[in-house]
C-alpha cells in the first residue's frame, strides 16, 4: 500500500502560529501587567528577553562568557569557584525576589497572606534559595539549569527598574510620554549592557537534544510529521518521521465519521455542563476554563480509545503539520506558566490585590492594599516570564543576537493592545498576533519571513484604527 | 589625521543630526507628538536621494536597485534628489499622520515605531529595491569631482570661496553678538575691519546683523577667490580665515565665563584636568584590565567628588553646570593644542612642535596630502596644504542647517508656531478657539518628517554608502536624546544637544582606540550604556534640558 504524498498547508502555518503565539504570550504577560498596573508602556521589555537569553549562557556555556570564563575549566565545565559563584548568584537572586516584595518584612513572611512565625518564614525562604542554588549548580551545564538560573536572576533584576527608575519618575508626576522615553533609555542601557559584556558575536546554546523516551531515544528538535486525512469513511491522523532518508510511521489514529460526531457531541455536552457548573464562581477554575478542560479531556480520552485503524489510500483533503517535541514543549510550557499565573491571580491574596489594583488603584489603596508590593510583584512576574520567553526563543532560533528581544517587542505590544491592556486579553491577543504572523507569511505569496513582524504590526494598526479599545474590550 | 580633521568630521555629524533632531523637535518639542519612528523618514530620505544620483542599474554587476536617475541631466543631481527626498518624506509623514494622529500618546509612539520598522524591513528584504540586505554604494557626494582643488582655475577658486564665505559669515555674525558685551579687546575695531567697514557704516542700510555678516562673507569670498586666481595664495587665505575663527571662538569662551570668580575658574579647570587624569591609565597602563579598572575607579572618584561638592557647598551648587562646561572646554583645549605636540616634544624636535602647532592652528586647510600646494616655511620646514572635500561638504551642510534653522525659527515664532505650542499644552483650548488641532498636527508631522528626510539625504552624502541599519531605531533614540539635552521645544537647544552628543561620541571613539580591536565592540557598547544613564539623569533632573523651554513672545503686547 503506497502512502500518499502529503504537503504542508494552512494547518501547519496555524501550528507554527501557536508556537510563535506561545512565546509572544509569555513575553506579553509581563508587558501587559506592567502596562496595566504599573502604567508604564515599557519599551525595555523586549530587551529583558535578551537579558534572560544571555544570562542563561552563564550556566549553559560558562567558558564563553567574557570575564566569567576565568572560573571555567573549558567551554562548558566550571571549577569550584564558578560553582560557588553560580550558587551565590542564584541564592541571592531568590532572596532578592522576596526582598523586592517588601524589604525585610517580606523576608519574614510579610507577603504570605497568612500569619506565620518570622523564623519559619526566614527558614523557608533560605531553604528555597538554597534549593534553587543547588539545582543550578548540580544541573550545570544543562539547559534546564540554565533556564532556572536565567529566570531567577532576571526576576531579581527587573524590579530594580521600578524601584530605581520608574517609581522616581512617577513620584514626580511624570507624564506618560516621560515614562515612555525613560523606558526607552532603560532599554538602551539593558541592551548595550548585555553587549558590553558579551560583545557583538552571535551565540547559541549547547543543548543535549536527545532524551530517553518510551524505551528509545527522542531528539526533541527533530521534526515529526502529523498527517491529517479527511476521506469518505472518516478522519485519520498518521504520525511519521524521517529516519535514514526514509519516512517511517510512528503511530496511526483513524476514526469513522460516526465516532467523530459522537466525540464532538459528547465534548460539547460535557463542555456546556462544565460551564454551567463552574460559571459565576470566583474560584480558580471558572466557567470558560472548565468548559475548555472538559472538551480537551473528552477529545483526548475518546481519541485514544477509538484510535485503531489504517490510513486511507485516497482522501478528499490531506495536510501535513511539521512539529518537533521542542515546539510542542514550548506550547505546553506556556500553558503551564499561564495556569500558574491564573492560580496566582485567582487564588492568592497577592493575586486578588493585583486584580483590585488593576481595577482601581486609588480604591485599592484606600482599602489597605499594599499597592507598592503589588507593583513589585508585577515587575517580578515580568522578569520571570520575560526571561523564560527569552531563553525559549534563543533555543528555538538556535542563535542569540542582541536584537533577539527587541524584534519581539512589536508583536508583544500588538498582543497587549489587541487584548485591551489586561493579562487575559494579552494572552488571547498574543495568540492572535502569532497566528496572524505565521498564517500571513503562508497565505500571502511573495512575503518573505522577514515580514513576520510587519504583519503583526499591520494587525495592530488595523485594530487600533477600527477598535482602539482592543478586541476584548474594557478600557 | 590632524586634530582639525577630527573636528571637521565631528561637525559634519553635528549638522546631520542637528537637522534630524530639529525635525523631531517640530513634532515632539513644539506639538507634543511622540514619534518613535522618526528614523523611518531619515531612511527613506537617504535612499531616495541616493537613487536620484546613482546611474541606472547594471544587471551584470552584484548590486541591484530599482532605478537610478543619475544620467538624466538636471534630475540626476543631488539638488534635485534632496528636494524630492524632502518632499517625499513630508508627504509620507502626512499620509502616516492622517490615520494615526488621533491615537493616544503611547499608541502613537508604538505605531510610529512600527512604521519605521516596516520601512527598515522593506529595504532589508527587497533586494530588487535598493540592494536588499547589502550596502547601496556607487555614488559620490556633490561636487566631489572638483577636488582636489586647482587654485588657478575658476571652478577651484569658487569652491574654495564658498567655504570662506560660510566661515566668514558665521564668524562675523558671532562677533557682532559678542560686540554687545563689555570687553577689554577692541572688538568694535576688529568688527569694522572684518566687515570691511560695513558693520559700522552700512548697518542701517543692510538691516540686521545677519545681513551684514552675509555681505561681509560674500566680500571675503570674492577677495579670496581673486587672491587664489591671481597668485594661488592658498596658505595665506587659509591662515587668515583660521585666525579670524580662533579670535571669535576665544572671545566667545572668554565672555561666556567672564562672570566666574577665581575659585570657580579653578574648580572648572580642576574638573577638566581631573577628567584628563582619570583617562591617563588608558594610554599608560600595559595591561588592559589595569587600565579599565584604573580609569573606571578614577572616573568614579571624580564623579563622587563632584557630587559631594555640589551637595556640600552652596557656591559650587550655584555653578554646577558652568563648572562642567568650563571643564569640558579646558579638556578639549588640552586635547586640541597640547596632546598632539607631546610626541614631538618628547623627541625634542622644535620644528616638529611648531609644525604640529601650525597645522592645528590653521584648521581651515588640510595638511600633508599629496595633492596640495607645497610651501616652505622658516623653522617648520616644508608643508603641503589643500582645501579637502570634507571641509567643503561641511560648508554646504552648515549652509543648509543655517537656512533650515532660520526658516524654522521664523515658523515657530509665527502664529502657526503658537498654535502648535498651544496644542502641546492643551488641545481643548485650541479647539475652543476654533482651530482644528488635527490639521495642525498633520502639518507638524509633514514638516518634521520632511526635515528627517533632508537629514537622511545629508547622511547619504556623508556616508557614501547606505544599509538598512541606517534606519535602526537607535537613531530615533539619539535624536530624542539630543532634543532633551538641549531643551524640549528649543531649537537652539537642539543644536547644543547635537554638539554635546557628538562631542561625547568623538571623545569616546578616540578612547576606544586605546583598546585592542577585539574589545572595541564592547567599549562602544559600554558608551551607549553611559549615554542611556546620562539620558535618564537628564530626564529626571533637567526635564527641560540645559537651555530650558524657549519662551516665545505671545504676539500680544506686554501692556
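Each Cβ is built from the backbone N, Cα and C atoms, and glycine gets one as well.
Curation plays no part in TrEMBL annotations; they are all automatic predictions.
As stated in TrEMBL, the feature transmembrane segment covers range B:6-24 out of the listed B:6-24, B:101-119. Looking at B:181-203, B:319-341, the range tied to transmembrane segment in TrEMBL is B:319-341. Among the residue ranges B:75-98, B:123-146, the one that TrEMBL annotates as transmembrane segment is B:75-98. Within the same chain, residues 12-13, 15-17, 19-20, 22-27, 30-31, 33, 35, 38-50, 78, 81-82, 85-94, 96-98, 101, 139, 141-142, 393, 397, 400, 404, 408, 411, 416, 420, 470 sit at least 6 positions outside the transmembrane segment (B:442-463) and bring their C-beta atoms closer than 8 Å to a C-beta of that stretch. Spatially, the transmembrane segment (B:154-177) is adjacent to the transmembrane segment (B:392-412); three or more Cβ-Cβ distances between them are under 8 Å for residues at least 6 apart in sequence. Counting Cβ pairs closer than 8 Å to the transmembrane segment (B:36-55), the top stretch among B:6-24, B:235-253, B:319-341, B:392-412, B:475-504 is B:475-504. The transmembrane segment (B:392-412) and the transmembrane segment (B:319-341) are not in contact, since fewer than 3 Cβ pairs between them lie under 8 Å (pairs 6 or more apart in sequence). Taking residue pairs at least 6 apart in sequence, the transmembrane segment (B:75-98) and the transmembrane segment (B:475-504) share fewer than three C-beta contacts under 8 angstroms.
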